[in-house]
Amino acid sequence: MAAPLALVLVVAVTVRAALFRSSLAEFISERVEVVSPLSSWKRVVEGLALLDLGVSPYSGAVFHETPLIIYLFHFLIDYAELVFMITDALTAIALYFAIQDFNKVVFKKQKLLLELDQYAPDVAELIRTPMEMRYIPLKVALYLLNPYTILSCVAKSTCAINNTLIAFFILTTIKGSVFLSAVFLALATYQSLYPVTLFAPGLLYLLQRQYIPVKVKSKAFWIFSWEYAMMYTGSLVVIVCLSFFLLSSWDFIPAVYGFILSVPDLTPNIGLFWYFFAEMFEHFSLFFVCVFQINVFFYTVPLAIKLKEHPIFFMFIQIAIISIFKSYPTVGDVALYMAFFPVWNHLYRFLRNIFVLTCIIIVCSLLFPVLWHLWIYAGSANSNFFYAITLTFNVGQILLISDYFYAFLRREYYLTHGLYLTAKDGTEAMLVLK
């Protein structure tokens, strides 16, 4: 599999290099679908200019990236294009090896359950085979050729760096490295705050890996959870303190995390926040900011309860929720959870609306620049048009993720109770998710 992966890497780098040298690079870097006030490369350049002048990059209201990012590019500004290409390649490689290991774990678990007769007798067609799972890691690595990923890289959106950190968190978690998992999760949280919700699936997987039961009365459960929480918190504290020593100031905390949570910049993007708060009376904004922000965090506990035996699927759902409900989303965020679709290709037969929802997402992606042009340049449309397509895009994503969630639970139920269900009167029964 090394040769196909190398081919994917070569093709991906070639496409990116060609686009970097084309006239499209400038156009892409200004697209509101691709960059946000948090991840815009132009804002990073302005922050670097202020730093070179001996002024805090957070003294204005323009730069909102983390201190480690600005110091990284302070030394690598001349190689920025190469940095972003390497970042994307590292993300794909990390996902490739993570899913390769995950498939081995899934197959071993499936084999054990078959030996213990935990599956119903008529579910042979639902059992996954090694041949079926062989090419899944390579399909995941095709993340590199996703148009969303390519656009994000060419625009030099710092979202790509956050994706890399999350990918390495997933890899180290699946490998069972408790310390590195905590470190990469801390880095991802430091970079964009919302990955803190990935703590729960990461912990659940590591508990599973250590054969520790997820039980409130289990002493081993609490000891391990405490150790992992301390590693994560300690890593985060060290990173934040390092940022303070670099800047000799705490200005970055309100400028980065306060900015993410309070959503003061209402520049249009593909998210749900900007239009709503642009139209709202100021004295209501704090309440509704809290209501909107809680969406990212609210689902973590019920999902942890429902999917405690399936932490990687939980992780996939949580990454999707972050990309939909975060305050400043871009297409780069969407690309990360889309990379996991091949992992769940065995759910395809249970998906109810996959064709319609795929069409909605593709059509919305094509209409974003059209409606933006009609609004901003032609003047023949207004913000309602652009927000309508944004809303449709996000509703499409929500329904798609809900469809995968339903399909996953349906397959798990069939594995235990049998594929062909019958009611008490002997007629064919229908499985309903409530």
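Cβ from N, Cα, C; glycine included.
Among the features that Swiss-Prot reports, transmembrane segment is placed at 4-22, 79-99, 137-157, 158-177, 178-193, 194-204, 222-243, 286-305, 311-330, 331-344, 354-371, 384-405, with the record citing similarity to another entry. What Swiss-Prot lists as topological domain 'Lumenal' is 23-78, 244-285, 372-383, and the listing cites similarity to another entry. Taken from Swiss-Prot, the feature topological domain 'Cytoplasmic' covers 100-136, 205-221, 306-310, 345-353, 406-434, and the record attributes it to similarity to another entry. The cardiolipin binding site annotation in Swiss-Prot covers Lys215, Lys308.
In this chain, the transmembrane segment (158-177) does not touch the transmembrane segment (384-405); fewer than three CB pairs sit within less than 8 A of each other, excluding pairs fewer than 6 residues apart. Simply put, out of 79-99, 137-157, 158-177, 222-243, 354-371, 137-157 has the most Cβ pairs sitting under 8 Å from the transmembrane segment (331-344). Across the topological domain 'Cytoplasmic' (205-221), DSSP classifies residues as 8 helix, 0 strand, 9 coil. Sequence-distant contacts of the transmembrane segment (354-371), counting only residues of its own chain at least 6 positions beyond either end whose CB sits under 8 Å from a CB of the stretch, comprise 31, 33, 147, 270, 331, 348, 381, 385-386, 388-390, 392-393, 395-397, 399-400, 403. Sorting each residue of the topological domain 'Cytoplasmic' (100-136) by its DSSP state yields 24 helix, 0 strand, 13 coil. The listed stretches are 4-22, 137-157, 178-193, 194-204, 222-243; of these, 194-204 has the most Cβ pairs under 8 Å to the transmembrane segment (286-305). Counting Cβ pairs closer than 8 Å to the transmembrane segment (194-204), the top stretch among 4-22, 137-157, 222-243, 311-330 is 311-330.
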